[in-house]
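Annotated domain 'Cytochrome oxidase subunit I profile' per TrEMBL: B:24-533, in sequence order. Residues or ranges marked as transmembrane segment in TrEMBL: B:86-107, B:119-138, B:165-189, B:201-230, B:254-278, B:290-312, B:324-345, B:357-376, B:396-415, B:427-451, B:471-491, B:602-618 (among others).
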Amino acid sequence: MTLRRLALLPGVLALSACEGGFQSPLAPAGEQAASIHSLFWLMMAVCGFMYLLVLAGLGIGLLRARRRRSETGEPSINPADRGLTRGLVAWAALIVVGLAVLITGSFLVERTIAGARARDALEVRVTGHQWWWRIQYRDPATGAWIETANELHLPLGQTTRIALGSSDVIHSFWVPNIAQKLDLIPGRINRVDLTPTRAGWFRGQCAEFCGVQHAHMALDVKVDTPEEFARWLASQRRPATPPADPAAARGLQLVTRGQCAMCHAIRGTQAVGRAGPDLTHFGGRRSVAAGTLTMSRGAVQGWITQPQAVKPGTMMPPVALSPADADAVSRYLMDLK
Amino acid sequence: MSDPRTPAVELRTLHVSWADAPGIWGFLTTVDHKRIAARYILTVVLLLFLAGMLALDMRLQLAMPDMERMTPQLYNESFSLHGSTMLFLVSVPVMEAMAIWLVPLMLGQRALAFPRLAAFSYWLYLGGVLMLWVPHAFGITPDLGWFEYPPLSGPAYSPGHRADIWAQMITFTEVAALAASVNIAATVLKMRSPGMTLARIPLFVWAMFLASLMTIFALPAVMMVTSMLIADRLVSTQFFAAAAGGDPILFQHLFWWFGHPEVYIIFLPAAGFVSVIVETFSRRTLFGHAAVVLSMLAIAALAFGLWVHHMFAVGLPRLGNDFYTAASMAVALPAGVQIFCWIATLASGRPRFDTPLLWVLAFIVTFVIGGLSGIMTASAPLDQQVTDTYFVVAHFHYVLVGGAMFPLFGAFTYWYPKATGRMMSELWGKISFWLIVGGFNLGFFPMHILGLQGMPRRIYTYSEGMGWGPLNMVASIGSAIAVAGGVLFVANAAWSYFRGRAAGPNPWGGSTLEWAAPSPPPQHNFDAMPVVDSLTPLWTQKQELAVMTGLAVDRREVLVTSVVEATPEYRQKSPPPSIAPLLAAIAVTILFVGSIFTPWALVWGAVPVAIGLTLWFWPQRERSTTGPLRARNR
Ligand SMILES: [Cu+2]
C-alpha cells in the first residue's frame, strides 16, 4: 500500500503547487470565486484528513493481519468483535461531524454569494447563441441598452448583475476566476452577480455542451478600474465612425451592401442584422470568433473567407471575396475601434 | 413415482430433463441462466473493448493542444457513444449478467423465477446494442453526449435521426433491464433454498435485490423522458420547447431522477462483490453484516432524494440547493460504514492476497477518492465551479471504474473457476491488475487538477495558452496503459479457459452455496437441493450439506419458498426452452427501430410483438404432480 500512497503523492503536490491561470477557480479574482475558493480548501482539508485515516486504517490493519496469517487456519465464524464495534461507532460519529462542518460551510458560502447582491448593481444582459455571446449594458445615463459581443468589461470592485438568457439551446456562463457558473436556458432568465477584485484579462467559456462548436465558445473578460470602465462604456455607446482610409471605405461598402449586413449590425451604418454578433466596435476587441483567434488583420481575413476551416460547423457562412476586397473588409473591420 | 429408481438413474434423468436441444437450435432457445449470463458478459466485454478504443481515440486528440486528428463532429460522436455505451449497455447490464449467473447458484436453486424472461432480456439488450452500434458503422451516431439535453436534442437543433436512435435505444434497452430486475427480485423473494431466511441471504444477493428494486423504481422515469423526447421529435408534442410553453428543465429532472440512482444501481452490486471477496479471503465472517445490509438499504433510499445535485448550475432556488447538498453528503455515512466494515474484516482476519483481494484493496484506495470528490461536488456553491469540468470527469470515473469496475474485475477472477472449471493465471492476473490500476490513476487523477484549472468537459480542442497540455499528455499516457492492462486481462481469461489449472468445486474456500455445486455447474446446478442453517453454510455445515429431496427429476421442477423464512411452499414447473423470447425480442426491436422513421410503427409493430408473446405463453397441457417434500441429512 505504501507504493500506492507514494504514487498519489506527486498528484497531491502538483495540486497544492499548481497555480490557476486566467481561466481557473484556483486563482480567484472576484468575491464570489474567493468565497468558494476558501470553501474548496476547507473541503480539501476535511476530505484529505478522512482519506488519510482510511489509508492508515487499511495499512495498519493489513500489516497486523499479515502477522496472523496462516494457510491452514479454519475460517473463524462470528468472532467477538466488541473493539471493532466501538471503532465503527466512533468512525460513524466522526463522519457525521465532518459532514456537519462541510454542510455548514457550504451553506454559509451559498448565503454569502446570495448576499453580495447590491441594489445599485450594474445591469448587464448576456445571451447565449451557438456559438457566441450577445452582451448588452444598461446605459446608466439614458437607460438604453448598449450592445456588444464576446467581450465582457466589468468595473473593479463593483457588483455587476448579469441576466442570463439563451436564444437557442442551453449554454452555461462561466468566468471561473470571478464567479461560479450558471446556465443560460431558453425561456428563463437566471441572474448571477460578479464582483471582481483584481483588474486584468480573464477568460470565460461556455460550460454546458451546446453542439458542435462548444469548444470554441469562449468569452474575453476585462476587469477595468471604474474610470476605465466608464470611458470604455462611453466609447461603446457611440456609433461606428465612418472610415477615413479609402480602402477601408471600400470595405464599409462591401460590408453594408453585401451578405455581412444580413446577420451583423454596425450602428451608424445600414447594417442592422441580428443573427450574428454586433460589430460596431469590433476592431477594439481582443479576439475573433468567440475567443477562437487572436485579433489581427490576418485572422479577420481568414475568418471571413474560410470560417469553416477555423471553426468547423460555425453558423458563419463563408464570404466569397477577391483578395483585394477581403483586404478592404478586414481593414474596415479592424478600424472599428 | 412408485417405481424404485437408483440414484444413478435419477441423476441421469435429471440431466436429460434440464438439457438444452443440441446445436444452434439449443443456442437460440436456451433458458439456462448460466448460458444467458455468459452471453451478456461476452457482449459486455466486446463493448468494453469498443468503448475503450473510443476513449483512447479521444485521449489521443486531447493529448496535445490544437490537435487536428479528429473533427469536432467525430469527437462529439465518440464521447456520446462512449458514454451511452458505458452507462446504458455496460455498467448496469454487466451487474445484471453477474446476478443472472450467480443468484440462482447462491440461493441453491436450479433456475431463475422466469427463465424465458431472462432469455428475452438478453435478446432485447442485444437489439439495443445493435441499434446503437450498427448506425455507427454507417456514420449516424448520436452526437450529443450520454444525457442528451433538449432543446439541443430537439427537432430544431438536431435534425436527422441521430437523437432518435439514442432515445429509442435507451427506451427499449431499459425494457430489458426492467425485465431482468423483476426476474432477479422475484427469484430472491420466492426461490431461496429451504432455511435461507432473510438474515441468511448472502450479501451479493442482498445488493442485487436492492439494486433490482431501485431499477424498477428508477427506470420508468428515463423511459418516460426519452419517450417524451421522441414524441417532441416525431409528432411535435413540444414537451421541452420553451417557446411553446414546454420546459427544457423538466427533461433534466426526470433524467436525473433516474440518472442518479443509476450510479448506486451500479455501486450496490459492486459492494456486494467486495463483501463476498473480503469475507472469503479474510477467512472470517464479515464484520458488521447487519450494518452493511442496513447501509445498502440507506443508500438505496437516499439515492432517490438527491438527483438535483446534478442541476446546481441550472439556477434552481438556493434553499432547494442547500437541501440537496445535505442529502447528497449524507450518503457518505452509509458508504463510510461499509468501508469500515470491510477494512475491519480484513484487519481482524487472516487475509490471503490473491488477485481478487488485490482488486478489493485497489477498490478501497480508489473509490474513496471518488467518494470524497463526490462530497465536494455535492456542495452547491463548489459544484457551480467544478461541474461540467474535468474535475467531474475525474470524479465519476473514480466512482464508476474504481467503485464498480475494480470490484467487477475481482469478482470475475473470483467466480471464473466456478464458471469454467479452471483458474485464471495469477501471474498475468497480477500484471494486468497493476497495469489497469496504475494506468487508471495516472490517467484520471490529473483530470481533477485540469478541472480546477478550468478545463471544461466535452471540448474537442484547447489552445496552448490555456496551459492544459502537460497534464492532458499524462492523462492520455495513463489511459493507454490502463487499456493495455484491460486487453491483457481479457487475454488471460481467454488463455485460462483452455490452459488454466483445474479448479475443483471450491478453490478459494468460499462460504456460500455456489461453491457446493460442481465447477462448472451442470445445467440443473445442484444434483440435490441444499438446505441451509447459517449465513455461511459451507463453513458452518462441516459435513456434507443437508439436502431436500422430492423434486421431480423427469421434468424441470423448482422449489418455491416463503418470503421471510424460506420454508418450502410448493413445487413449480420451470418453463422449458423456447424460441418465443427471441422472436418477441426481434419483434420489439423492429417496432422501436421502425418508430424512428414513422410513429405508425407503434401500431403495426404491435402485431408481431403480440404473436411472439402468444407463442411464449401458449398454455401447455401438463398437470403439476404433487408429492411430499422431504428434508434429509445425508
Ligand atoms: Cu455554449
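In case you wondered, yes, glycine gets a Cβ from its N, Cα and C as well.
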Per the definition of 3+ C-beta pairs under 8 A with sequence separation of 6 or more, do the transmembrane segment (B:290-312) and the transmembrane segment (B:201-230) touch? yes
May I ask whether the transmembrane segment (B:119-138) has at least three C-beta pairs under 8 Å with the transmembrane segment (B:254-278), counting pairs 6 or more apart in sequence? no
Comparing B:86-107, B:201-230, B:324-345, B:471-491 for Cβ pairs under 8 Å with the transmembrane segment (B:396-415), the winner is B:86-107
Per the Cβ under 8 Å criterion, with at least 6 residues separating them from its ends, the transmembrane segment (B:201-230) contacts 92, 95, 99, 102-103, 106-107, 148, 150, 153-154, 163-164, 166-168, 170-171, 174-175, 177-178, 180-182, 184-185, 188-189, 192, 237, 239-240, 251, 254-255, 257-259, 261-262, 264-266, 268-269, 271-273, 275-276, 279, 286, 289, 292-293, 296-297, 300, 303-304, 512-513, 535, 595
For the domain 'Cytochrome oxidase subunit I profile' (B:24-533), the averaged pLDDT of the predicted model is 95
Long-range Cβ contacts under 8 Å made by the transmembrane segment (B:165-189), restricted to residues 6 or more beyond its ends, are 80, 84, 88-89, 92-93, 96, 99-100, 103-104, 107, 109, 112-114, 117-118, 120-122, 124-125, 127-129, 131-132, 135, 140-142, 144, 148, 153, 201, 205, 208-209, 211-213, 215-216, 219-220, 222-223, 226-227, 229-230, 233, 563, 588-589, 592-593, 595-596
